[in-house]
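A.B. asks: Before I ask anything, here is the structure I am working with.
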């Protein structure tokens, strides 16, 4: 056991050291406006050479530092959370492979090497989702893998299409792609790949299903790695989205995703799925602001979101760990009395998610919403942005109401405490980052900020939407004296919203059902029907008839021999006469 513990600790120390080093480097690159291209010649044979290119700028270095910081804390946290697991060694290796795939994707300016990291993320995520090896995990892993395969195919098609340029280093050809309609196909394929990885409609169903993975994986996957890979890829291709049809389409899809996830989280009772739907909502927000053209804002929110979302998942993991793997929030309640540190960190992460002033989420979300108010867009897009923000506060309040207030609703055979210092250290470190991370990043990334001039009522609109969302969360959560839950009055609407607009059903049964039925009819009608009648059975009958004729010839019948002799004589005489 000590060997495994040291394995976790060593990984933690190495990753956190590299993370701080990369962060300092990213500040230097940002202040001095540096970009490094490093070419590594892998094979050189006569006139042929295979060269791998790496791109280092402030954005890639800062993103890598955040990924490694969260990965190191997740591995440290797993030391206790997965401590009793027999295969913890394998688990840590899978997490490290996952992080390496993400590193490959971040520093690649080349579609081929991006595909290596992209596929690595997909394959290792499958191994992590099925880690617990039960039927639910296998189904979730298959849904995750197959959804991401669509994005892999789109990237492969983009690679094939880029053969027109003679190089796969897309970074040099973005302006050319923007001006050439035929090459905008590459932008469309890359956008499709990003939509599958970042779980936008209609590929949203895999993200809550992936909650079958261990909680440390959820903290890593849903904060800074797998789901943000699509957003990061589109940040690199941001020129193609600016003032284009692709950007308008992405704005519609991501806005609907944001709204759907926020609405669904208000009708969900699984603790991890609520946080997963919250992630989906924030991904929709990032994609939306990216489609308008503010890629730096999308990157800023990506980093701040990584901090408080990892903290949310880690706190949820501590709660699940202490309540003997119970995830239904209706069986919780009163946790703040027994787990004060965890609940404090959980509430800080929730407030950061809602956009509470001076926490990490406030600096990015408030800036995004004020920028949206300055942008030219129709009322529908405007409504999606602000209504989804209100829904975020609504489900956050509901989550706290169910899990942390009132009386404990589960069995009494639970040891609720905050005594695990390993998990407590990880969540406390992330809590500090969730408090100071937003202000620190806003000072570093926007050292020449633009002034946003808005009327008084628009300036306070974001705050009013948040307060209204919190009040609505209280109303739909509160059970009155006659025990009529407000969220169950309109059952059909609740069922529709709670099932993510039937997205999981459409993605699984909807895709498979009709091809299976058509395949069965084809098998019955053709394989066992006409093709059997005209193929196997008829061939057998014809051969049987011909074999009977042959048997007649073999009976040594004198009449048949004379007849055949006369027939051949007639044929020969006729041929001789015809030739003469």
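Easy rule for this one: first residue shown is 1, then count along the chain.
Cβ atoms are placed via backbone N, Cα and C, with glycine included.
Sharing the feature lines straight out of Swiss-Prot:
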TRANSMEM  12-32  transmembrane segment
TRANSMEM  50-70  transmembrane segment
TRANSMEM  92-112  transmembrane segment
TRANSMEM  113-133  transmembrane segment
TRANSMEM  153-173  transmembrane segment
TRANSMEM  176-196  transmembrane segment
TRANSMEM  218-240  transmembrane segment
TRANSMEM  378-400  transmembrane segment
TRANSMEM  427-447  transmembrane segment
TRANSMEM  464-484  transmembrane segment
TRANSMEM  500-520  transmembrane segment
TRANSMEM  560-580  transmembrane segment
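I would like each feature placed in context: is it buried or exposed, what are its neighbours, and how far apart are things?
C.D. replies: Sequence-remote contacts of a segment are chain residues at least 6 beyond its ends whose Cβ falls under 8 Å from one of its Cβ atoms, and for the transmembrane segment (12-32) they are 56-59, 61-62, 64-66, 68-69, 71-73, 75-76, 79, 99, 444-445.
Beyond the ends of the transmembrane segment (113-133), by six or more residues, the same chain brings 52-53, 87, 91, 94-95, 97-98, 100-106, 140-141, 144-145, 148-149, 151-152, 155-156, 159, 193, 197, 210, 212-214, 217, 221, 225-226, 229, 233 to within a C-beta distance below 8 angstroms of the stretch.
Counting residues 6+ beyond its ends, the transmembrane segment (218-240) has Cβ neighbours under 8 Å at 59, 63, 66-67, 70-71, 74, 77, 95, 98-99, 102, 105-106, 109, 114, 117-118, 121, 125, 128, 151, 170-171, 174-175, 177-178, 184, 186-187, 190-191, 193-200, 207, 210-211, 246, 250, 272, 275-276, 279, 283, 286-287, 290, 293, 295, 298-299, 302, 305-307, 309-310, 313-314, 317 in the same chain.
With a threshold of 8 Å between CB atoms, the same-chain residues lying at least 6 positions outside the transmembrane segment (378-400) that come near it are 251-252, 255-256, 258-259, 262-263, 265-266, 268, 271, 274, 277-278, 281, 284-285, 288, 329, 346-347, 350-351, 353-355, 365, 369, 372, 461-462, 465-470, 472-474, 476-477.
Residues of the same chain lying 6 or more positions beyond the ends of the transmembrane segment (500-520) and with a Cβ under 8 Å from any Cβ of it are 143, 147, 201-206, 208-209, 260-261, 264, 277.
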A.B. asks: Which residues of the same chain, at least 6 past either end of the transmembrane segment (153-173), have a Cβ under 8 Å from a Cβ in it?
C.D. replies: 53, 55, 109-112, 114-115, 118, 183, 185-186, 189-190, 192-193, 196, 236-237
